[in-house]
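Right, one structure below, let's go through it.
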Amino acid sequence: MNGSDSQGAEDSSQEGGGGWQPEAVLVPLFFALIFLVGAVGNALVLAVLLRGGQAVSTTNLFILNLGVADLCFILCCVPFQATIYTLDDWVFGSLLCKAVHFLIFLTMHASSFTLAAVSLDRYLAIRYPLHSRELRTPRNALAAIGLIWGLALLFSGPYLSYYSQSQLANLTVCHPAWSAPRRRAMDLCTFVFSYLLPVLVLSLTYARTLHYLWRTVDPVAAGSGSQRAKRKVTRMIVIVAVLFCLCWMPHHALILCVWFGRFPLTRATYALRILSHLVSYANSCVNPIVYALVSKHFRKGFRKICAGLLRRAPRRASGRVCILAPGNHSGGMLEPESTDLTQVSEAAGPLVPAPALPNCTTLSRTLDPAC
């Protein structure tokens with residue numbers, strides 16, 4: 001949890017006196033829903049990608065890494081954040097006080113950097129489908145993932161000393177141990193490197209991708225099928241970009257207001273803090289939902305896993321049926337190498353199918369200094 005948010009929560013709880021606080025019940029329920037949907041959904045994403053060694057393309061490796069970061073974020077952040085609204089004391093000890101916040105920021109940065117890498121991968125795949133093949137290899141993707149986690153460790157390392165357990169009045173709390181100027185500088189760095197810069201990269205790459213898709217005209221396959229494919233890719237890009245920006249913008253705007261503006265500690269601002277937490281945390285659980293809605297290959301993978309689980313169930317549970325769509329169900333990847341979106345090759349030669357913008361890419365999350 002961010003230092004300013006921590007103080008705000010303490011002050012707000014003191015305002016409530018000893019009366020019943022609705023957030024003590026409602027907020028943990030929302031967190032429980034986010035936890036269940038996020039844990040199950042992201043675990044399912046990993047299962048679909050790992051089933052039969054399907055994560056072999058660069059995009060699938062990035063999506064796999066994003067799922068790992070999202071799942072770790074859900075497991076390491078949500079349960080502890082929920083206890084803030086139900087327990088007066090920090091009951092998990094000094095070691096977890098430091099470790100939990102370190103893991104939170106580690107997964108935040110890993111998620112945001114992965115999203116930026118996915119956007120670059122998609123831009124190269126769409127804009128330079130032939131020339132980027134030598135660059136977009138699984139080996140290079142694994143190297144990029146290693147770099148992502150290395151940078152995440154670098155930027156999250158200071159949080160091992162940022163928080164500490166201490167006594168406040170008669171309460172045991174886990175709160176920032178740094179001075180206000182150091183916290184302000186650290187929170188500003190977190191905003192810049194884990195939100196602002198990734199958003200700029202996402203905006204630039206997706207804008208250029210959209211521009212290329214919108215302006216490129218296929219003289220042969222310019223019929224309704226090509227237009228439908230173009231609209232589908234455009235819609236997917238807009239969805240993932242808007243989700244990321246909308247889910248995290250309120251939280252970071254609030255943090256900036258706390259440090260650089262006027263943000264009085266009232267019940268209304270406390271409610272805004274809670275809302276910003278819920279919206280930002282929800283981004284990690286809606287990603288698998290977006291995958292399922294947009295990617296038919298993910299849906300096929302989900303059905304295949306569902307069918308496999310039901311086959312292992314006792315026969316007396318035969319009333320629970322997992323219906324498979326007709327056709328070939330062998331596809332388990334979130335992104336196949338083939339696509340119905342046809343592009344003009346870079347050399348004004350014959351038309352070649354271009355790697356598709358992934359039907360499974362979405363923008364997570366990434367970062368929450370208020371955790």
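Even glycines carry a Cβ here, placed using N, Cα and C.
CYS97 (disulfide bond) falls within a helix when secondary structure is assigned with DSSP. Feature annotation from Swiss-Prot assigns disulfide bond to CYS97-CYS174; the stated evidence is sequence analysis.
Per Swiss-Prot, N-linked glycosylation site is recorded for ASN2.
The annotation topological domain 'Extracellular' is assigned in Swiss-Prot to 1-27 (among others).
Swiss-Prot lists 49-59 (among others) with the feature topological domain 'Cytoplasmic'.
Taken from Swiss-Prot, the feature topological domain 'Extracellular' applies to 81-98 (among others). Sequence-distant neighbours of the topological domain 'Extracellular' (81-98) (same chain, 6+ residues past either end, Cβ-Cβ under 8 Å): 1, 9, 13, 21, 23-24, 27-28, 31-32, 35, 159-161, 163-165, 171-174, 274, 277, 281, 371.
What Swiss-Prot records for 121-140 (among others) is topological domain 'Cytoplasmic', and it gives sequence analysis as the kind of evidence.
Annotated topological domain 'Extracellular' per Swiss-Prot: 162-186 (among others), in sequence order, evidence recorded as sequence analysis.
Under the heading topological domain 'Cytoplasmic', Swiss-Prot lists 208-236 (among others), citing sequence analysis as support. Averaged across the topological domain 'Cytoplasmic' (208-236), pLDDT for the predicted model comes to 63.
Annotation source Swiss-Prot lists topological domain 'Cytoplasmic' at 281-371 (among others).
The annotation transmembrane segment is assigned in Swiss-Prot to 28-48 (among others) on the grounds of sequence analysis.
Feature annotation from Swiss-Prot assigns transmembrane segment to 60-80 (among others); the stated evidence is sequence analysis.
Per Swiss-Prot, transmembrane segment is recorded for 99-120 (among others), and the stated evidence type is sequence analysis.
Residues of the same chain lying 6 or more positions beyond the ends of the transmembrane segment (141-161) and with a Cβ under 8 Å from any Cβ of it are 58, 61-62, 65, 98, 101-102, 104-110, 113-114, 117, 121, 177-178, 186, 189-190, 193-194. The feature transmembrane segment is assigned by Swiss-Prot to 141-161 (among others), with sequence analysis given as support.
Per Swiss-Prot, transmembrane segment is recorded for 187-207 (among others), and the stated evidence type is sequence analysis.
According to Swiss-Prot, the transmembrane segment annotation covers 237-257 (among others).
Residues or ranges marked as transmembrane segment by Swiss-Prot: 260-280 (among others).
In the topological domain 'Extracellular' (162-186), helix, strand and coil residues by DSSP number 8 helix, 12 strand, 5 coil. Ranked by how many other Cβ atoms sit within 10 Å of their Cβ, the disulfide-bonded residues CYS97, CYS174 place CYS97 at the bottom.
In the topological domain 'Cytoplasmic' (121-140), helix, strand and coil residues by DSSP number 10 helix, 0 strand, 10 coil. With a threshold of 8 Å between CB atoms, the same-chain residues lying at least 6 positions outside the transmembrane segment (28-48) that come near it are 54, 63-64, 67-68, 70-71, 74-75, 78-79, 81-83, 85-86, 278, 281-282, 284-285, 287-289, 291, 298, 301-302, 305, 332-334.
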